[in-house]
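The transmembrane segment annotation in TrEMBL covers 22-42, 49-68, 102-128, 140-162, 168-192, 213-235, 255-276. Look at TrEMBL and you will find 33-274 tagged as domain 'G-protein coupled receptors family 1 profile'.
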Amino acid sequence: ENISDFSLNVTDCTQVVVPEEVFFTVAAAGILENLLVLIAVVRNKNLHLPMYFFICSLAISDMLGSLYKTLENIFIILCKMGYLTRRGDFEKKLDDAMDSMFILSLLGSIFSLLAIAADRYITIFYALRYHNIMTLRRALAILAIIWTFCAGSSIAIALFSYEAATVIPFTILFPLMMFFILCLYVHMFLLARSHAKKIASLPTSTVHQRTNMKGAITLTIFLGVFLCCWAPFVLHILLARFCPHNPYCACYMSIFHVNGTLIMCNAIIDPMIFAFRSPELRSTFKKMFCCAR
């Protein structure tokens, strides 16, 4: 809808359309996979740790992203069938609600990744005081603050999305938070060896440090997947707001459906990373599927 007739006339790029069957299949897979992660963490008391609670927060964000694209696709289908109109009051409110869900998913993912990165940072550099610093109560309080802020921001941004003063801070927040998380990772990897030497006298230091670095590598994979899946869509938002009539911008916006599919692919990939990198989570999945004690 953001690509006007004028922009379509000045570009030779045809719009790439993803089949609806693919859309719904990918979205359903993402929702189910992340739901399994939530159930696994709830059922296994050994996973009732701050790190896994932050992972659950990321899983909820992924589910919201898949649910948003599913509802949006249903909305488009109903409009094509004539059951809904694009300019009605009810449809406008429905569109604002879906936009709010999309922004909530994006902000929730960013701040969940930030919380996970901070948790790993504390684990590596304050290993001896980790359980005093990051208690379960503090982790839950952090998540409550994150989701309250994200919910309020998503509603405000959705209501005033047509104002440049709203779009610019929102789009700046994405690279800014990613840069901050990246700085945490770089600092972790650069100082991990020197920190390991300081605690080398501890009998479990080697194993503990190896486990922490494995967690840092896992989060690096999360960050890379998140950037690959979300950055194209955020770029689309910027181009649609600031250069909708430019032929080059219109050409990029012709792959809107592909960018939306990438968001849902992120919801599928993240649980696979959880299962592949966490032995405890893999064991819980096996028990859930095999009905073993």
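Cβ atoms here come from the backbone N, Cα and C positions, even for glycine.
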Can you tell me which recorded stretch out of 22-42, 102-128, 140-162, 255-276 has the most Cβ pairs within less than 8 Å of the transmembrane segment (49-68)?
102-128
In the same chain, which residue numbers or ranges, 6 or more beyond the ends of the transmembrane segment (140-162), come under 8 angstroms Cβ to Cβ?
53-54, 57, 96-97, 99-101, 103-104, 107-108, 111-112, 115, 170
Please compute the mean pLDDT of the model over the domain 'G-protein coupled receptors family 1 profile' (33-274).
79
